[in-house]
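See structure below.
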Amino acid sequence: MSRIKFEEEDIGINEPKKRKVNKSKKPIQTKVIEMKEEKKEPQKIKLKLEKTPQKEEDYEDEDEDEMSKLIEESKQIEKERKKEIEDGAEELQTNIAEQQTIVFESGQQISKPLNEGADLALLKQRIGDIVYVLSDYQKNREGNRSRKWYLKKLYNNLSEYYGYNRFIIQKFSQLFSVSELIEFLEANEAPRPVTIRTNTLKTRRRDLAQILIHRGVNLDPLAKWSNVGLVVYESQVPLGATPEYLAGYYMLQSAASFLPVMALAPQEHERILDMSAAPGGKTTHIASLMKNTGILVANDPNQDRIKSLISNIHRLGVKNTLVTMHDGRDFPKVLGGFDRVLLDAPCTGLGVVSRDNSIKLTKGIKDVRRSTHLQKELILSAIDSVNANSKTGGYIVYSTCSVTIEENEWVIDYALRKRHVKLVSTGIEFGDPGLTKFRERRFNSSLKLARRIYPHKLNMDGFFIAKLKKLNENQDENQDENENEDENQNQNENENENENENQNENKNQNQNKNKNKKKFQNKNRNQNKNRNQNGNKKKFQNKNRNQK
C-alpha cells in the first residue's frame, strides 16, 4: 500500500494534505517530467521511496536542486534550438545558391534567377508584345526591325518560358502559325483527361460504367466515335487497383491510342501482326475486335516491355495471341503472310510532351534522324509482311505519337515510292489532314488521307495515323535509283537543318573576318602614314643638303 501511495505522490495525483510545501511546486515537477522523459527514471524513484521515507525538509532540498538542474537544462536546450535554427538557415541559403545554376549533360550552365515568378511574368509580357507586333507587322513594327528579328526573339522567349530547347521550338514553328504555336505549347502544359477502354471480351461499357459509378467514379462516355471508351473526371478509388481492373474489365489507355486500331479495322479469323506491341493496349484492343478468333502475333524487341505485354494479355483474357520478341526489321523472314499489320513505330514522342516533360530538353535533331531512319526500315518490313492477295485485308496502319514531318509524312512518302502501295482512308472523320508539302519539299497528294491529331484542338495526345493498301508483291525495279535519290534528299534536308544550327557560327566567323579586315586596314593605314612621314623626312633632308 505504501508503494502505491508514493507512486501517486510522485506523479502529482491524490496528494496528502500535510505536504503544503510541495503543493505549489508539483506542477513544475510534472512539466519537467514531460520535457525530459529520458532523464527521469520512475523505477529508481520507486525503490528509494520504498527503502527510506524522507522528511519535508529533504523534499525541499531536492526540489531546489532539481529546479537548478532544470534551469540549466532548459538553457542548454534553448541554446541547441537556436543553433539548429541557425544551421537550418545556412543550409537553406546553400541550397538556394546551388539551385541558381542549372548544368546540362553537355556541360552548358544556365543561371536561374531568384525572382523566377517575376521573370516569367516579364517573359509572358514580351511574348504578348511580339505577337501584337506580328499580328500587323507593317503597322506595329518599330523602326527598321525585320520580321525575322521579331520571330527570333519570340522563339527565344517561348523556349525560355515553356522550358523547351531551341530545336523543338523551331520544329513546332514549322507546323503552326504564331498564335496557334502558343495554343499548342499551352495545351502541352495541361494533363490529358484520364480515359479507360472497356474490354468487350468480359463486359459491356454500360455495365462497367454502372459498377464504377457505385465505387465513386465520376465518368462519362468518351465520344460518339468510340463505343468502348470512358472519360474519368474524378475518382475516389485508384483506377489501377479496383477489382474490375484486376479482373480485366478495362484498360487504362489514352484516347488517341484507340485510333490506330480503329483505322486497322481488324476482322474475325484473320492473321494480324502488331509489330511494336508493348505494353499491350492496342494488342488487347485488336483481340477484342477479333473476338478472340484468328491469330494475333504481338511482337516487341524489348525484353523488359514484354513482361507488361504478357501481363495485360493474361489479365484481359486474350487467348488468340502469340507473343514474339524479334526486331521488327526481321519480318517477314520470321513470319509473313498477314492480312493486316499495325506499326505503332518508335518515335521521339513530341506529341506526348504533357506526359513526359523531359522530352522538352532531351530531344534533338539526332533523335529525329535516328527515328526517321528506323521508321523507314520498319514500314518496308511491315509492307513486306502483308499478303497482297488477302481476301479480307492487305492493309498496313502506320502511327506515331510525334508531330514532326520527318517521322510521319516523310516516311509514308518514302514507302509510296519504294513499294506498290497506296494510301486509303483511315475512317477517322476528325483531325487535320496529312501535309502534302513542306517548305521546298512536295509529298504525294494522297497524304491528305492521313490524319494528324493535335492536343490544342481535340484535347488528346499528338498523333499521326496513315493507312496503306498493298497492291501486289513485286517491288520497284528502280529501287536502287530511288534509294540514291532519297539519300540525296536526306542530305539536302539535313543541310537545311544544319544551316539554322550554323547561323550563329557563321555570324561569329563573319564578325571575326570583319575585325581582321579592320585590323588589316588599320595596319595598312599606319604603314602608309609611316611611309609618308619617311618620305617627308627624306625630302626635308634633301632640301637641307641643297641649301648647304
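Glycine residues also receive a Cβ, built from the backbone N, Cα and C atoms like all the rest.
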Checking TrEMBL, the member of Asp339, Asp344 that binds S-adenosyl-L-methionine with Ser276, Ala277, Ala278, Pro279, Gly280, Gly281, Lys282, Asp300, Asp327 is Asp344
Which ones in the same chain are close to Cys401 (active site, nucleophile), with CB under 8 Å and 6+ residues apart in sequence? Ala256, Cys347, Gly349, Gly351, Val352, Asp461, Gly462, Phe463
According to DSSP, collapsed to three classes, what secondary structure does Cys401 (active site, nucleophile) have? coil
